[in-house]
Structures are given as structure tokens and as C-alpha cells.
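Per Swiss-Prot, these features apply:
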| type | residues | note |
| --- | --- | --- |
| BINDING | Arg24, Glu82, Lys122, Lys442 | (6S)-5-formyl-5,6,7,8-tetrahydrofolate binding site |
| BINDING | 229-234, 248-254, 273-276 | GTP binding site |
| BINDING | Asn229, Thr248, Ile250, Thr253 | K(+) binding site |
| BINDING | Ser233, Thr254 | Mg(2+) binding site |
| DOMAIN | 219-366 | domain 'TrmE-type G' |
Amino acid sequence: MPDSADTIYALSSGALPAGVAVIRISGAKAFIALRALTGRDLPLPRTASLCSIRNRNNEIIDQSLVIVFPAPNSFTGENCVEIHSHGSRAVMASIFAELDNLGGLRPADAGEFSRRAFENGKMDLLEVEGLADLLQAETEMQRRLAVEQSSGQLSALYDGWANRLTRARALIEAELDFADEEDVPDSVATQVWEAMAALKGEINAHLQGGGNGEIIRDGFKVALVGEPNAGKSTLLNALSGREVAIVTDIAGTTRDVLSVDINLDGYLVRIFDTAGIRETQDVVEREGVRRAVLTAETADLILILQDNDSTPKQSIGSFDNQRSLRVRTKTLLRSRASDDDFDLSISAKEGIGLDELRRALKREIEKRVGSGQTLVPARARHKKRLEETLNYVSDALDSETLDLAIRSEYLRLAATSLGRITGRVDVEDLLGVIFSEFCIGK
């Protein structure tokens, strides 16, 4: 693990070249480094000052805006410096060379600035994960989910629950220790378990949205399945707006699973084109069919495609009806099928029915995640810890015949599980994984 006593630096802005590049320095020697680079006293805290950045020969490297953030009022909680320079590779290389030459400074590892912010109490683990998701957000709903998490709204909810568990335990301890005292009202036990029953209901309702956050964050998975030449690859290309899949009249052209991401009104949708499902003696095609079925089974929604002039096989119609839509393709051709057999009719090649399909996809997404609801668990680990919390609270409520001390212990375990979501309880084994999601300089 990197030494948190080191002073670190990195490029914190985007790829070079750029109009402006931002170098961040954090640690005990950050201000010493800035004085060495500028040859002048520090500017006023949190005030942008124009300075000449110089090399060891006192030659000007660049004219830069410099901002200093004294500890603890900085992103990392340490002394921090930001240097806003022109974003050429030559300027950055020269400044980094001077920082290397100063001694006592080193380049930051991926996510190290954010890790220091966490270790210094500037962010909790939920906020760190939210920041990582915000940096990678590609759609409006991903941005909203990440902002609610990174701004502490989800942490506030979980901390509130933890405080209610702590208060319940305190009341139980009071009843255990001072049962004979008049200061402890007889109704304390009733209050505690009524409050815990209410908390159980809130956690349970929150968990109902447990998959919603993962769908928003990781994408709504849509599998295109059907017989060979049903129009799956043509539809994939039409929805993505580019030639992703090879389209021919030869049955079995698609052998492997292809995927493309699209932004559907703020939602990330992952569309999977699969091999045509049919009986075949071809070993490679048979493996493609196996993968097609597996992809469909793990998708959030299955689009079962059938062209106008074919009769669907039983194997195509055996998927979960609750997770599937039947789509008639190639609608400009003559048809043996009734429109009543399908949820949608399209011609991907001609662009017919695609807007209706997009609207149907959005309706399916919002049926799963709710319209605009983003205060939900965003990761599988959040859901796992919440389920643990719910189980412990349930155990405490259901153990009426057990000693109060045992029931109080269940509540302590529930609070511990909540604490592992925010990082209030030891989560050292998680930190390396989480901070590896960050780029250098964040």
C-alpha cells in the first residue's frame, strides 16, 4: 500500500494536449514544492493567482494560475496545491521533471487522492464510490445516481438508520441496567420494537429497488433472439446507428454474441445480438446457440424476433414471458402471422417502428427502476449488506422469548453491516478494489 505520509502529484485533468491542464499536489511538502516552482510566497488560500512556473535554472516554463488549499480544508484533508497551466505535453513534462528533482515527492497512484480524502474523513466509502461512478457516467440517469451517492444523500439515509439502531440499543441497555429505577418508563420496550418494526419496513422497501441502481449504473441488458435471418443484426445496427454486425442473407452469419451500448433518454441500454437459434450439426454454430440462450437467460429483457414469413419454433417461444417482447420484423414483406401475435412490428432496414420500439424499451426500464427514482443501492455489495442488516433486525424482532441482551446483539450486528456500506466499520479489504476504479490524479 502506498505511504500516506508521502507528498504526491499528478495530472488531474484530461488527456493532453489540452487548452488547460491541472496538476494536483497533496501532502506535507506541497507548499514547499510550490515555493520552489514559483520562487515567491504562497498566494492567499483558495484564491487563483497568476504565477510564473520556473525550472531549476530560473527559466520560465509557463505562466500558470495557482491555488493553494491549506489542511484540513482541501479535497484530501492535507495541504493541497493546484497548478492550472497550458496543456501541452512539453509544459507538463517540464513541470513534472522539476517536481521529481525536488525530492520527497512522487507520482500518485490511481485513486490515491480520493483514498486520502477517505482516510482523512473528507468522504465516506459510499461517496467515494459515487465519485468513481460520476467520473465514468455516460448517461443522465447514471449522473443523477452518482451525484446522489457522491453528495452524501445515500450516506445520510444509512447513517440515520444506524443512529436509530444505536438509540434502540441504548434504550435496551437502560432497561437492562436500570429496570428497577423509576426513570425508565415501562413503555420503553414497546417503543423500541415498534421503532425497529418500522425500520425493518423501510429497509425492506429500499431493498425492493436494489436491482434498480445496478440497472442504471451497469446498463439495462436487452437480448435479441430469434431464428437465423430474423433481422437481429439489422436491428442492432439500426439501434446503434452504425454498422456493428455483419448482415448477409446467409443463415448463421452471427456466431458469437455482439453487444453495443446506447443512450436511451438518459438510460444506458446494452443490446446483445445473438446467434440464430436452430438445430445444427456445426460445432461452432452450436456453441453460438448455447451462448445465445445463456445471454437471453441473464438479460433484463428479451426481444424475440420473428420475420414476417416464418413460423416460430417452440425453442424460441420458451423464454420468460414476463421479460420478453415479441417483435415482428421485415414488415414490408408479406405476412403469414397476425399482428395479434406480436407486441411490436418493425422494419429495421427501412426504419419503420423503431421509435415505437425505443418507447417500449423505455417503458420496460421504468417499470423496473421507477421513473426518475435514484436514491437506491447502486452496487451488489450495498444490496448484500442491506440484506444482512434486514436479517439481523428481523432476528431481533422475532426473538421475543430470548434475553434482551441477545436481541440487542442482533441490533449491534445490524448496525455493523450498515457501517460496512459507508466504511464506518473496517473495510480495508475493499479499498484496493474501489480505488483502482479511479484514474491517476483523482
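Yeah, the Cβs are placed from backbone N, Cα and C, and that goes for glycine too.
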Would you mind pulling the DSSP three-state label for Glu82 ((6S)-5-formyl-5,6,7,8-tetrahydrofolate binding site)? strand
Cα of Glu82 ((6S)-5-formyl-5,6,7,8-tetrahydrofolate binding site) to Cα of Ala275 (GTP binding site), in Å and rounded, measures 52
For the C-alpha pair, I'd like the distance in angstrom between Ala275 (GTP binding site) and Arg24 ((6S)-5-formyl-5,6,7,8-tetrahydrofolate binding site), rounded off. 49
Between Lys232 (GTP binding site) and Arg24 ((6S)-5-formyl-5,6,7,8-tetrahydrofolate binding site), what C-alpha distance do you get in Å? 48
Once DSSP output is merged into helix, strand and coil, Ser233 (Mg(2+) binding site) belongs to helix
Cβ density check for Ser233 (Mg(2+) binding site), other Cβ within 10 Å (all protein chains) comes to 23
Which has the fewest other Cβ atoms within 10 Å: Arg24, Lys232, the binding-site residues listed? Arg24
Could you state the whole-number distance in Å separating the C-alpha atoms of Arg24 ((6S)-5-formyl-5,6,7,8-tetrahydrofolate binding site) and Ser233 (Mg(2+) binding site)? 46
Cα separation, Asn229 (GTP binding site) to Lys122 ((6S)-5-formyl-5,6,7,8-tetrahydrofolate binding site) (Å, whole number): 56
In which DSSP state, out of helix, strand and coil, do we find Ala275 (GTP binding site)? coil
Pick the one among the binding-site residues Glu82, Lys122, Asn229, Ala275 whose Cβ has the fewest other Cβ atoms within 10 Å in this structure. Lys122
The average per-residue pLDDT within the domain 'TrmE-type G' (219-366) comes out at 83
